[in-house]
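K.L.:
Attaching a single structure in structure tokens format; questions to follow.
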Amino acid sequence: MEKSDVGLVRVGIYNLLIKLVIAPLSFAFSLLVVKYLSNPPYGLEVFGTWQYIFTLIIGYFTIPADMFSLLTSRYSSEGRPVGGLLILNGVSGLISSMIFLLLIPYFVYASKYNYPEYFYISISLILIYYIYRISNAMVLGRSPRRVGEITAVFQVVRLSSAIVLMFVFNLSITAAILAYDLGYMAQILLNVFSVRSNLKVDLKIATAAVRKSLPIAVYYLQNMIEASLVWIVVAITGNTVTVSYFESAFVLANVITWSQATQTGLIKKLSETKDPKVLETSLRLFSIASGLFLILIFAEGKDVLFKLRPDYVNSVFALYVIAFSNLLRGVYSIFYQSILMKDETLAYGSEGELKGKVAKLTRYNLFLSFIGVVISVFLMEVTKNDPPYIVAIAMSVGLLVNSLSMLFTSYSSSRSLYNFKLSLDMLIPIVISFVGIPLSFFMFTKSYVDMFLYAIVVIAIFTALNMANPYFRLLLRNARGFIRSLK
């Protein structure tokens, strides 16, 4: 292993290990919310409404927070003053909250769920999310190793709060909203104490960041287009039941995103060196982590869906599609970060940001994402009278089409900048993960203990098959040294 890659791998593995340790907490929260809101005294419509609210907030009204966070991480890693960006982000949060407040009557009408109080309470999530994103971006740019530790606290607070709010106070959708609020607030406090960024207020940098965020904003327009699938399917079917089936699969498929913990040191490393081997290492590390999570989803996904609600098991094919789509987006994230860090038009003091590599990439992806959504809308219209899980598959197809196009365009752009090499060992773990689909047919019991034991068997199979992967063997040989270095 190249000496220059060791720091990237250490940070990635460290945060991945923390992610694995706290994975039961994250997974338990997701399953708890699905099971609590999908079953009596609530039901499919209540869970669908919660996902409708959450998608509106994360998919639309917090986009500026995500948009500014990328540049904040870059400027923070370069040692530039980012206090102005902190203020700018707070103002953006207030504006987004006001717009959401004005649109609540329409959202209630569109959802056919006549309990507007849940929409009003969710405004708190918008405000807190803005502060969380900007503070987290600063930590990511300067102290990426702390990201996993702080996230662990978030998971503990969110889950413990949810249990109390759901089963002691029985607050329905409000319980989920407040659990997120409290979790993010804990994370914000720890981020503030961990920030090593230059917090001096420089309005020139802040205003420059607004201008340079325009090409990044186009990327989030793509997310908005995809998020529109939720309210489009509500409009087509006239209810939120299909959203429940889709989101049950989506929540489980998001396990794949845990593997992006291996990328937490990438921005800081690319601020130090633009060596193509950094990308090659990140791709190898991510493929192993994502392959592990994907084989677990393939092998046990249908049984977990059954545990959530017996009829959710029909969402298993949507689960497979979304999970693989998420894996592709994880690879895309590596390429996108590499382009972001080498696009000189985004550097402070430069010009032409709308003509740079990031701008060009996002324009292509925006157009291609529109095509993917059109495909899904067409399929949803064709299947609208079919069972909800069929419509959920139609929704997921558009996401996969978009993921494939995003991967191709980002790979082409990143390759032109770094000239990195792809090798077979980057694909081996992902190919092996598909063994999980036939393995799922050997799992007949619904016991939690048996599911846990079967997961261990699946991990053992994945490990054994990956011994053919040279990089996997290298990681195992260096495992003892890594463990010592993490102490």
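Quick reminder: no glycine exception, Cβ is built from N, Cα and C everywhere.
In case it's useful when we look at the structure, here is the feature table from TrEMBL:
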TRANSMEM  12-37  transmembrane segment
TRANSMEM  49-71  transmembrane segment
TRANSMEM  83-106  transmembrane segment
TRANSMEM  118-135  transmembrane segment
TRANSMEM  147-169  transmembrane segment
TRANSMEM  282-300  transmembrane segment
TRANSMEM  312-332  transmembrane segment
TRANSMEM  364-383  transmembrane segment
TRANSMEM  389-410  transmembrane segment
TRANSMEM  422-445  transmembrane segment
TRANSMEM  451-472  transmembrane segment
K.L.:
Taking residues 6+ outside the transmembrane segment (147-169), which of them lie with a CB under 8 Å of any CB in it?
P.N.:
14-19, 21-22, 25-26, 28-29, 32-33, 36, 136, 139-140, 175-176, 178-180, 182-187, 190-191, 194, 261, 264
K.L.:
With the transmembrane segment (364-383) as the reference, find which of 49-71, 83-106, 118-135, 389-410, 451-472 contributes the most Cβ pairs under 8 Å.
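P.N.:
Comparing 49-71, 83-106, 118-135, 389-410, 451-472 against the transmembrane segment (364-383), the winner is 389-410.
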K.L.:
Restricting to CB pairs under 8 Å, which listed stretch, 83-106, 312-332, 451-472, is in contact most with the transmembrane segment (389-410)?
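P.N.:
Between the candidates 83-106, 312-332, 451-472, the best contact partner of the transmembrane segment (389-410) is 312-332.
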K.L.:
Is it true that the transmembrane segment (451-472) and the transmembrane segment (282-300) have 3 or more Cβ pairs under 8 Å, skipping pairs fewer than 6 apart in sequence?
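P.N.:
Result for the transmembrane segment (451-472) with the transmembrane segment (282-300) is yes.
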K.L.:
Are the transmembrane segment (282-300) and the transmembrane segment (49-71) near each other by the rule of at least 3 C-beta pairs under 8 angstroms (pairs 6 or more apart)?
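P.N.:
Touching, no - the transmembrane segment (49-71) and the transmembrane segment (282-300) miss the threshold of 3 or more Cβ pairs under 8 Å.
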K.L.:
Could you name the stretch, out of 83-106, 118-135, 282-300, with the greatest number of CB pairs under 8 A to the transmembrane segment (12-37)?
P.N.:
282-300
K.L.:
Who are the chain neighbours of the transmembrane segment (282-300) in space, where the CB to CB distance is under 8 Å and they lie at least 6 residues beyond its ends?
P.N.:
8-9, 12-13, 16, 252-253, 255-256, 258-263, 266, 319-320, 323-324, 327, 330-331, 334, 420, 422, 425-430, 432-437, 439-440, 443, 451, 454-455, 458-459, 461-462, 466, 469, 471-472, 475
K.L.:
Give the nonlocal contacts of the transmembrane segment (83-106) in its own chain as ranges (CB under 8 Å, at least six residues past its ends).
P.N.:
56-57, 61-62, 64-65, 68, 71-72, 75, 116, 119-120, 122-123, 126-127, 129-131, 133-135, 198-203, 205-207, 209-210
